[in-house]
């Protein structure tokens, strides 16, 4: 074909059977103006052969089909016939668009989109472009129409102001549908029907409007496309129309970021025809109205103006707020006592602003009210601080009656103490006048008036006190509390404790925190509150008194309002009563009055959010934060706060802003000036989790706790981030408060100032909770002198050393409780810890002294037996308690892993914080990402792990790849244990450590500096090394274990344990020599026994002997340790075995013949390393093998011998042996090592003769596991190895496997490849049956697809059942072919395949096809088409720059061009599925013409048998 540059321009009309009438009209019109040379009528087949873009214009109708898709992919210029007709009629050029244009319905239209989801926006763009329009992402002057999904965006407001049409996406779809029917313009469709409604996407709620206005708003909202809701809903409501800036809806709307706008916004939007900008109609909270006029009368600097705004209780809407004289006000209110009949129904509760303690001491029962009236009365009682009862009891003081009730009359006739029975006017008038009104003038006429009996006299006195002074209604405390108020002025700030709120002490929980202990009648009255039959209703802060200090007027009014809604009481700063809480700003202020706790507004906000009373010491933000004024240490930091919400988050953002930091919501790595985003430098969060935390780790940005911010505020300097990383916070310290630190620089402005300031009493901050023993509370000279002599530190050091360990409050009484004038004060102190501190400290020589008593000797003997019979945790018992104590004093734990740099694998990301913390505590460093400085990589996985992370680390030399248990062992044993004992395959449930004693000696000798300790260790080491070679008799063991020293039972323990180690080492030595005899390497000079007899007994010598031994022996320690009987005499280890040189040579030949060149198992790899390291030069990281390797090793060395030379083995087991020439034996004699309950199953050679044929017995069973839980994998892997099988640990299918055990049939690579290769696909019950039989059994009954399995497993779907049946069908078919024809075939034998799929999936497809006997070509060039039989391609998953096969050319040459789904369906279905259903689109024309390509090609091939053809068709 000619080059596209030289090809002439022409117009090609693509002819097909589905052309419309416009196609012919366009062609006829073009013939009139174009020559025959430049106008062509072509077929689709000609377009499919086109390989590159040319200069021609292609006229297609419709825009579908293979030819259209091919041309579009090449980027050719494609238009529809309507475009040709329109351009000719209007004398316009055909558009040169980069995309196909079907018609010109939207010519001259430029659109932009806003508030659309991604899918809808892409559809709009597609339709506009295909109709000849233009699309802009941004809104500019050229845009003619805006397509909007809803109103309110910036694009919407600008377009509306520019009077551009704002339309819905349905307008574009309507144009497309009509343009397919006839040639139209966009103006032919009425746009008014598709204009975006004014309130589209708005969910409107109202508050404060009349019912008529509400209905009108509801009607107009629905008319203009909005949604009206009566309830304000979070994440649903978008606008709240408010009359005034108050009310519950308004507060919630502000919190939920809902637009709070006036009703004018609503009507202006309708009038102007588009939704107005909400910022122009925003309703802000009104400032507090001053109700007291400015006068010349001095009122005192600290006195607050009376904040009560006086309202009438009638329905008059315009209430005068002008201030009048108070006495005149009282008389004016008295003249309007009688409200209208429906006053209570229409009463606005918010207009009654009375003192919060107005009803203090009143216990009220409401009778005869319901509906809205009852709700309003409840709110009034709660706001006034009263206690409301739900049922009549003897504790009720006031009964407010609406309608008469017979039960009330009966109660009044029976009760001895009759309460006041009043009308509702008493309550309304009391609120209107600001103080309680006398009850006598409000008695209900239906009930007889009686006097209150004596138990209620305190309440009468309280009422009288309130009536006596109307100018100060808040000053109404009882007279007998004056002494306690006076005393409380001299107590230390913050020393008053919060009382226990447990029901048992509810008699002390009075409405204020001060109780009158001597007033028995009041206590009797209050005790009734604890009656379980009485239900008391109150808010969150019920019975709590507050003092608000240090806020602006607006903030203070807001806080007071919150208190009212939660039934709290706010005291004035001049009131002498002790408030429960003083609420101050976050940075604190001066608190002159005595209060129970000083808390911040953050505490208040979080209590409201969580709807419970929080402990002020549970969070550092709940108490004032020390702050160095004028310091901005974080001015160059950009902070992101995550995982904090509500008031806690606001407080942290506020504090960070004060420190100079920039706080932004999004956590980005690079700055984006257009969006106003800065590159983050710090992340502040609670826990080490979440997407932002992962990003911080990935970008190496510090993720710190909020304590870092507090430290920066405290010191005025930027604190070190490493000390406050969220990963370093222990679990038990995550909830600890940070407020109990006593270090306060003098330059810091303290947040609280008491009469005794903190600079003179640094322990004041630690007394929020009284601990059982606080050294600072012992003020006597005698105690202080003793303590100072003992500590040799200043007095405050003891208090400062324990401030971080905050102890729970004991809820003790304050001096105002127990310092009564008529009672004798008898203090009691808990001084047990103080007396213990006065004991004489132990001297340096006392650490090894023990007392010998008969009981201790009995314990010592029992301890020896327990240790000798234990096979676990030997490292924990080999070191005596004295040695452990000495190590703790001598060694510094922070230097155990010095010069070690760890990096934790991504697989252990959940444990990363914990592991990094352990490493840091042991002196190691850690890295978030693997780099050049890492020395230890913490990983957990299989031996031949296929993960990229493991491979990349393994390629690096000198890196220890260890298990997480290595760190745990170092921390537990307080020493650096060898890395070889904890490879990344280490499993504590399957690994038993017996070499910890040697390593303990090595570590102790390396680090110990104590002379006596060194001698002790050297003697122990000498004993252990002698025991290695079985040269120590019983007498020597007893002598070495400390004979004649009954006062040191630890030496006896060592002696008993040494016997155990002696037997184990002898057995290991025998196995080592057995393996050495079967190794094809030169003998090592350092392994002989003669070389050890005179060697120095040093730790280095012990280690070198280990390095010189076989690595297989080091691995066998795990599976052989449990076989040792620790009660056996040492002499029984001296075995006499006949040495057969011929047998040893034959075994050596057998080992060399059993090397599997095709096996991917761990054994061949590890054995090769072992041969390369024959000289003993290998690192400790390679000292250990996994259990799978051990099983493969034994399968290599033991199984053939058990089958071929069974009589020889039996003879060896029964014949005497000589100790100098040990013949390798597969297992030690049962006399020396009886297997009582071994954790590891016996080897297959010990089993009776299997009921298999000789061929089946010699056949090796190689298993792969799939779709099993991790614990099942571990369990079944161990079982297979115990039974003599081999487990292949690969993520993908291994052709060398013979069986695959599957949890559930899945359509994955392992299952399909096993099916294609005819392997045994078994249910897990097969392994359980083998476990019960202790051998491998026949497989037929446990195969997936067998009736026994399918009938037992009922929870499988049809696809899984089809997979199960297909596995058995292919296994029988392929095994039958092998038996009948002697040919090993697969399901795909004879296939020659070309693959063109995603590169990440191509290896899996290749392995699957090859497992079934197919030949897969590398690449997909054209010459391969002649030889190939199948082509599988998936272009949808290919990247644009990846090469693609020419499907049309391949199909033309008879290659079956199919989708990859055909492979799995071919295996699963009983009959091969029709290829036409899986044919690629570009190959369909050739399938119709030539038929099935495979049939034609295979008929001409002579190398394919009829049997293969019959399987394919």
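One is the number of the first residue shown, and numbering goes on along the chain from there.
Cβ coordinates are placed from backbone N, Cα and C, and glycine is handled just like the others.
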Of the residue ranges 966-989, 990-1013, 1062-1085, 1086-1109, which one carries the region 'Disordered' annotation in Swiss-Prot? 1086-1109
If Swiss-Prot is the reference, give me the range from 939-961, 1031-1053, 1123-1145, 1146-1168 marked as region 'Disordered'. 1031-1053
Please compute the mean pLDDT of the model over the domain 'BRCT 7' (1253-1344). 88
Structural state census, the domain 'BRCT 4' (538-611) (DSSP three-state): 23 helix, 18 strand, 33 coil
For the domain 'BRCT 5' (629-726), the candidate among 101-189, 538-611, 1253-1344 having the most Cβ pairs under 8 Å is 538-611
Go ahead and report the DSSP secondary structure tallies for the domain 'BRCT 7' (1253-1344): helix first, then strand, then coil. 39 helix, 15 strand, 38 coil
Tally the residues of the domain 'BRCT 5' (629-726) by DSSP class, grouping H, G and I as helix, E and B as strand, and everything else as coil. 39 helix, 14 strand, 45 coil
Which residue counts does DSSP give the domain 'BRCT 1' (101-189) for helix, strand and coil? 37 helix, 14 strand, 38 coil
Could you give the number of helix, strand and coil residues in the domain 'BRCT 3' (354-444) as assigned by DSSP? 36 helix, 16 strand, 39 coil
What are the helix, strand and coil residue counts for the domain 'BRCT 6' (892-984) according to DSSP? 40 helix, 14 strand, 39 coil
